[in-house]
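Undergrad: Here it is: the structure, laid out below.
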Amino acid sequence: MATIEGIVAREILDSRGNPTVEVEVGLDDGTIARAAVPSGASTGAFEAVELRDGEKDRYLGKGVTQAVSNIEDKIVDELIGYEASEQRLIDQKMLDLDGTDNKSQLGANAILGVSLAVAKAAASAAELNLFRYLGGPNAHLLPVPMMNILNGGAHADSNVDIQEFMIAPIGAPTFREALRSGAEVYHALKSVLKKKDLATGLGDEGGFAPNLPTNAAALDLISEAVEKAGYRLGTDIVFALDVAATEFFENGTYTFEGVEKTAEEMSSYYTKLADAYPIVSIEDPLAEDDWSGWRTLTASVGDRIQIVGDDLFVTNPQRIARGIAENAANSVLVKVNQIGSLTETLDAVDLAHRAGFRCMMSHRSGETEDTTIADLAVATGCGQIKTGAPARSDRVAKYNQLLRIEEELADAARYAGSGAFPRYRSA
């Protein structure tokens, strides 16, 4: 197998105009592969550390030249000569070199950039697609695209509390048709918003970001768009939410729609919402430290709704293990930069799947043209991917990669569809 001959890192811009890390790995057989690291807006307190320079007169303190230097001055010498196929060994070398629990010494953005680029290089050297290299001969499941078509919270300058209102086209026979139906609903929503004199400006992830009287009003608008596009709500198209409740949690209470609420009151709100709309999944419905609230909500509606931990778990196997033990949530959102290495990401997915938890592969609000998560979604067979609206090239790049993968798989491809949400029963 080819060995690592050189590693180059650079500072590039993400989709929000903020710096991020890009890494190129060169092998002794002439292979060169590149990976770029995403960045979040609403970040969990327990995420691995994203190293920023902090120089206020340069990129408002968000530069990543220190992370780049850590790669070129510290990581490179440790990895030269290793076989690129030794992913776990290479990642462990970087973790040992960092020496902290949260990757604060080298930076998760430095470690992850190298980790992903090494995997891509190894796949290329083996003349395999990344999804096949990571997932093996049985990787064949195309995920349901969880399309964030209306943005609120930290992803938009609007008065809507819930961060993401997603549509999931579970009734389509293929990923290609699922993407088409999602795009058609997205365009129909723009038409609905215009007709009602509501703003059609876009949030970070390509979804519309109007001011609305209530959060439920967003679901009403999307329901109208689904009908306008000619699809059946609850059968062809269902809803999913990312509440990002930590963003409006303070001093033990949730300030939601201008009113302070307890965890029990928030849980009651979600239950009523799920009774009124075809909601299959709710992400971060409660704060990242509200373990008792998570347990209560999961016990209450977890038999019919996917309860997803993002800030709760931060793709960290230790926190996921606690969630499994305490029956807090029943699904894990998977973000490679939350944990900071490919090996740990795959370990997190494996742990969740062995416990019967579902997984949803996810982008970040600050993205690049890198499409690694599309391949990861297929490689891990998670059946769900969250990568924004069908707009903005940083989001669409992942969907387009999945189209290519489906084409490559040909007759072996299977679309997850409604099987991705076994708890949901359509009306």
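Note: Cβ is positioned from N, Cα and C throughout, glycine not excepted.
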Undergrad: Among Glu265, Glu283, Glu344, which residue does Swiss-Prot annotate as binding Mg(2+) together with Asp242, Asp310?
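TA: Within the candidate list, Swiss-Prot flags Glu283.
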Undergrad: By a simple count of other Cβ atoms within 10 Å, which of Gln163, Ser365, the binding-site residues in the record, is least packed?
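TA: Output over binding-site residues Gln163, Ser365: least Cβ neighbours within 10 Å is Ser365.
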Undergrad: If one measures from the C-alpha of Gln163 ((2R)-2-phosphoglycerate binding site) to the C-alpha of Asp242 (Mg(2+) binding site), what distance in angstrom results, rounded to a whole number?
TA: 6
Undergrad: If I take the Cα of Asp242 (Mg(2+) binding site) as reference, which of the recorded positions Glu205, Lys335, Lys386 has the closest Cα?
TA: Lys386
Undergrad: Once the chains shown are all counted, how many other Cβ atoms turn up within 10 Å of the Cβ of Glu205 (active site, proton donor)?
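TA: So the Cβ neighbour count for Glu205 (active site, proton donor) comes to 31.
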